[in-house]
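Here the structure comes first, spelled out in structure tokens, and everything after it is commentary.
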Ligand code: HPA
Ligand code: ZN
């Protein structure tokens, strides 16, 4: 039985497998610049975040209807459930769809067709987190928050993703203030490719409750100390870091040192269709390659539930945590 866990850093568009991309392309009459799924998979050799994002945005153009978003999310939830995910907090990138003429309602209600049935179908509870593209303007982010107004009952929080360097968190101060005023939870990608200062800014200027990636905190001992003291959860994505060359090898990933330092780490899959593994695969890779002790693995699973936005359902969180404590980590 796979480790019971929550997934807190997962871009739903990053779960688009080549087979589904071709099926949706055919259904929607969209032409893909690849002959077949094999040729497409060969393009999954990335130099950095940008080279990945170029393909990620190109491929998601096959997503056009509510049914497409529902199929995408349902396929992810089935895979996640099979790999031990009990709870998933799912990012989506509305600006990437709005720019192509796909409305906010199509995206959110499409995803909801799958998320609303996820507990009964897959045994996975879910939350939705709407991300702003940081390489778009602050005005565009604010317009996106506006466009989401009719769907806020479906959305738990806001996040910040896409090309990091040159787009510091402070660019989005106002939209995060507006999101907080609407009662939305706040997270942001920071310290993936960007410098440690972006992590500090995400905390101090945007008021985030979790940092997505946060990997580069290890360069600043004072920042590590603060993150430990304030118990700020980091949603690490080790396989993503390898594929996007943020770290040289998985064996050299700083996760063990980060846990030893007392950081509240979680492990997640980020964009599993592109980076070679879903949540369970990621856990297995970390276990096998980094040689973490059983109690460290338990800590990672426990942290995933402690860091999840389950404040409105503490009974559920307690149930999940009890499952982690009862699990035999070997
Ligand atoms: N980083 C930044 N933006 C993203 C990512 C990522 O890993 N995946 C999808 N959008
Ligand atoms: Zn991410």
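Glycine is treated like the rest: Cβ placed from N, Cα and C.
For the Zn(2+) site that TrEMBL gives as 9, 11, 270, the extra residue drawn from 87, 189, 253 is 189. Among the recorded positions 9, 11, 213, 270, 271, the ones whose Cα sits within 10 Å of the Cα of residue 192 (active site, proton donor) are 213, in sequence order. When the Cα of residue 271 (substrate binding site) is compared against those of the recorded positions 11, 189, 213, the shortest separation belongs to 11. Long-range Cβ neighbours of residue 9 (Zn(2+) binding site) (same chain, at least 6 residues apart, Cβ-Cβ under 8 Å): 91, 212, 213, 235, 236, 237, 266, 268, 269, 270.
Apart from 9, 11, 189, 270, the Zn(2+) site neighbourhood in this chain, defined by C-beta within 8 angstroms of the site C-beta centre, holds 10, 14, 91, 161, 212, 213, 235, 237, 240, 268, 271. All chains included, 29 other C-beta atoms sit within 10 angstroms of the C-beta of residue 270 (Zn(2+) binding site).
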